[in-house]
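Colleague: Pasting a structure below so you can have a look.
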Ligand SMILES: C[S@@+](CC[C@H](N)C(=O)[O-])C[C@H]1O[C@@H](n2cnc3c(N)ncnc32)[C@H](O)[C@@H]1O
């Protein structure tokens, strides 16, 4: 069913809100203030609490509207529908406004704090129009064995021969490894991971620093990738599993780790022997700089659920002779129930949980351990806002909050919040 609506405001998941006869409709590819014709998703029953739909025609456009730079990810009615870039119809400044409003709204609604959270763009993104930032991409092989993406609301797989959000280095590797030519098992998951070269000389001798994984199994390149991150002038080298977690935007590891270190150092106030926890620590992106760039005799506990990532974190720590870090594999909440005495009273806690957030139990465990400083890195502002309410109830104050646009063209945003008590 098609109908005309006036778009009111931003909602979640890259959608906006409109109303039809008092009923909420979540609309894809819309912008506040616009008058648009939408196609409602079927089924839309009288008893539904809300409906969803997508813009098919823009009658009165917003100033923030642009032609999609990647039409395949745009609206279905314009031949798009493959997902992966739900703000592709929004100008780059408009994307920052969208994210700033949604983060502030969530912090207000669920965290009960009134803060403006401007969003900071990553270096290079303006020049590349919000494209060419992903160091990791995933696709599915279609019936002909070619890389493809599924068109929303259908079983149709659209073959693709490029990925505009991928870095130029990744696209070069894909070309060289003839990934776009196909030859994969239909239905297979194809994942490419290509570290961003930070050092041109090293890059030339590191032609195998990439991975093509098919259904999680290495098909070409290396299982163990070399990532390099420079933080406040110090170079850190990381071994990372090609299947494991690593920040996707080519600039995110630098921007996030630098900000985290600066926040922690700003709060430790010259403490030369602090105890620091790094929770949800992955391969040690924050652990290594926290262990070396804070106090002279910093002692640390890091906790990560993925065993392979912990093995790599331990390898990364050994390579830097960092013996004062107890890098543990396990669930964060369970591990925090049995922390060795010398690490049990942290001065600062850094946590970077998955999308669902740390949840109330972990926030309370952090508070009970007596941490004065908490640095929370969040990929979902809704979870951050919920956990903010718990931390505030535990006596913390939100002292600083910044957000980073490490997912251009999508509604996703990374927020870093500093709490003190
Ligand atoms: C957003 S990533 C952050 C990793 C790391 N800080 C980084 O930036 O590279 C979240 C990590 O939490 C881990 N994780 C998820 N749930 C967990 C849990 N309940 N206990 C421990 N680790 C968990 C995941 O395996 C993942 O590595």
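Glycine too: its Cβ is placed from the backbone N, Cα and C atoms.
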Colleague: Return the residue out of 280, 376 that TrEMBL annotates for the same S-adenosyl-L-methionine site as 247, 304, 352.
Modeller: 280
Colleague: If you count Cβ atoms within 10 Å of each one, which of the binding-site residues 304, 352 comes out on top?
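Modeller: Counting every other Cβ within 10 Å of each candidate, the maximum falls on 304.
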Colleague: Who sits close to residue 379 (active site): which same-chain residues at least 6 apart have their Cβ under 8 Å from its Cβ?
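Modeller: Same-chain residues close to residue 379 (active site) (Cβ under 8 Å, separated by 6 or more) are 354, 355, 412, 413, 414.
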Colleague: Within its own chain, what residues at least 6 apart in sequence put their Cβ under 8 Å from the Cβ of residue 280 (S-adenosyl-L-methionine binding site), listed in sequence order?
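Modeller: Once residues fewer than 6 apart are set aside, residue 280 (S-adenosyl-L-methionine binding site) is near 303, 304, 305, 332, 351, 352, 353, 354, 358.
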Colleague: Under DSSP, is residue 304 (S-adenosyl-L-methionine binding site) helix, strand or coil?
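Modeller: Reduced to three states, the DSSP call for residue 304 (S-adenosyl-L-methionine binding site) is strand.
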Colleague: As a test of reading the model: what is the averaged pLDDT for the domain 'TRAM' (1-57)?
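Modeller: A mean pLDDT of 95 is what the model gives the domain 'TRAM' (1-57).
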Colleague: Name them in sequence order: residues not among 247, 280, 304, 352 whose Cβ is within 8 Å of the mean position of the Cβ atoms defining the S-adenosyl-L-methionine site.
Modeller: 245, 281, 282, 285, 286, 353, 377
